[in-house]
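Database features, via Swiss-Prot:
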- 1-12: topological domain 'Cytoplasmic' (TOPO_DOM)
- 34-45: topological domain 'Periplasmic' (TOPO_DOM)
- 67-78: topological domain 'Cytoplasmic' (TOPO_DOM)
- 100-113: topological domain 'Periplasmic' (TOPO_DOM)
- 135-138: topological domain 'Cytoplasmic' (TOPO_DOM)
- 160-168: topological domain 'Periplasmic' (TOPO_DOM)
- 190-202: topological domain 'Cytoplasmic' (TOPO_DOM)
- 224-234: topological domain 'Periplasmic' (TOPO_DOM)
- 256-266: topological domain 'Cytoplasmic' (TOPO_DOM)
- 288-299: topological domain 'Periplasmic' (TOPO_DOM)
- 321-331: topological domain 'Cytoplasmic' (TOPO_DOM)
- 13-33: transmembrane segment (TRANSMEM)
- 46-66: transmembrane segment (TRANSMEM)
- 79-99: transmembrane segment (TRANSMEM)
- 114-134: transmembrane segment (TRANSMEM)
- 139-159: transmembrane segment (TRANSMEM)
- 169-189: transmembrane segment (TRANSMEM)
- 203-223: transmembrane segment (TRANSMEM)
- 235-255: transmembrane segment (TRANSMEM)
- 267-287: transmembrane segment (TRANSMEM)
- 300-320: transmembrane segment (TRANSMEM)
Amino acid sequence: MQPKIYWIDNLRGIACLMVVMIHTTTWYVTNAHSVSPVTWDIANVLNSASRVSVPLFFMISGYLFFGERSAQPRHFLRIGLCLIFYSAIALLYIALFTSINMELALKNLLQKPVFYHLWFFFAIAVIYLVSPLIQVKNVGGKMLLVLMAVIGIIANPNTVPQKIDGFEWLPINLYINGDTFYYILYGMLGRAIGMMDTQHKALSWVSAALFATGVFIISRGTLYELQWRGNFADTWYLYCGPMVFICAIALLTLVKNTLDTRTIRGLGLISRHSLGIYGFHALIIHALRTRGIELKNWPILDIIWIFCATLAASLLLSMLVQRIDRNRLVS
């Protein structure tokens, strides 16, 4: 049995909370003309800070499976059963409580997830599939820094184009295409950074500063896009974008350095139920929003309410499923 890795547990708990926060604040950031500028800005900052959640999940999986140990048949079974189980729950919810075309959802089951958040199960399967082929080596800090700068920023196709007198100098075209490339890269970086000796106080401070700066740039960039487009655009929110890339690496390093001696009680609970929380949370948020069980006249209270109610309900449902699912196949 593998020894417990405290920082992984804590990081998984943080990432899970961030996913819930993303979907809690989505209505506000995508409906800028229906809310006050202050409300939109608060929701935007919260959403910007939470964009690292998905990259962190890929990094955690990479740390666990891109080393001596790769994904085993039981891991593929689990991801397949999770996709089937939570798709079935989503289909039941769609049939009973929405006007979404269930027949169309079934027809496109292998091309498009039944409910938007279930895309992650398809994407994480790729990490499992390539894990027998990848064993990340120990890499020096300077080499890793250069690699991250080039692939994550300079040659990242999601980098906002920069031009001087019509000459485009960023991003450089290294023919990197597709989000899956970055999902696998996140996994490899999770393993590489996880193996490195990062226990330096100065590095922790630099990581914290980088994360805060990255969140500021993401939020201000999104505000700028809103102002010149007249509507919301996710240019700076992209999971494979350069600023989210930097923030994910910074937060991983910070948590690894500061939360590695024990599992924080609350985060440990969330971590143990992260799969169930992820599977249920989007349905609960949709139900609360569409049934008007919200506090939109008090936006800040509404964000707190939706977040807490969703987390509590998802956690309870996960606990119920775990009582039945003794082998933890879908919970």
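Any Cβ shown, glycine's included, is placed from N, Cα and C.
For the transmembrane segment (203-223), same-chain residues at least 6 beyond its ends with a Cβ under 8 Å from one of its own Cβ atoms are 29, 41, 44-45, 48-49, 51-52, 160, 232-237, 241, 243-244, 246-247, 249-251, 253-254, 257-258.
When the stretches 46-66, 79-99, 300-320 are ranked by Cβ pairs under 8 Å to the transmembrane segment (114-134), first place goes to 79-99. Here the topological domain 'Cytoplasmic' (135-138) has, by DSSP, the following mix of helix, strand and coil residues: 0 helix, 0 strand, 4 coil. Counted over residue pairs 6 or more apart, the CB atoms of the transmembrane segment (46-66) and the transmembrane segment (267-287) come under 8 Å in fewer than three pairs, which marks the two as apart.
Sorting each residue of the topological domain 'Cytoplasmic' (67-78) by its DSSP state yields 6 helix, 0 strand, 6 coil.
When DSSP labels each residue, the topological domain 'Cytoplasmic' (190-202) comes out as 8 helix, 0 strand, 5 coil, counted as helix, strand and coil in that order. Counting Cβ pairs closer than 8 Å to the transmembrane segment (139-159), the top stretch among 13-33, 79-99, 235-255, 267-287 is 235-255. Residues 125, 127-129, 131-132, 134-136, 191, 195, 328-330 of the same chain, all 6+ positions outside the topological domain 'Cytoplasmic' (67-78), place their C-beta atoms under 8 angstroms from a C-beta of that stretch.
Among residues of the same chain six or more beyond the transmembrane segment (13-33), those with a C-beta under 8 A of the stretch's C-beta atoms are 39-40, 43-44, 46-47, 49-54, 56-57, 60, 117, 222, 226, 231-232, 251, 255, 264, 266-271, 274, 277-278, 281-282, 285, 289, 299, 303, 306-307, 310-311, 314.
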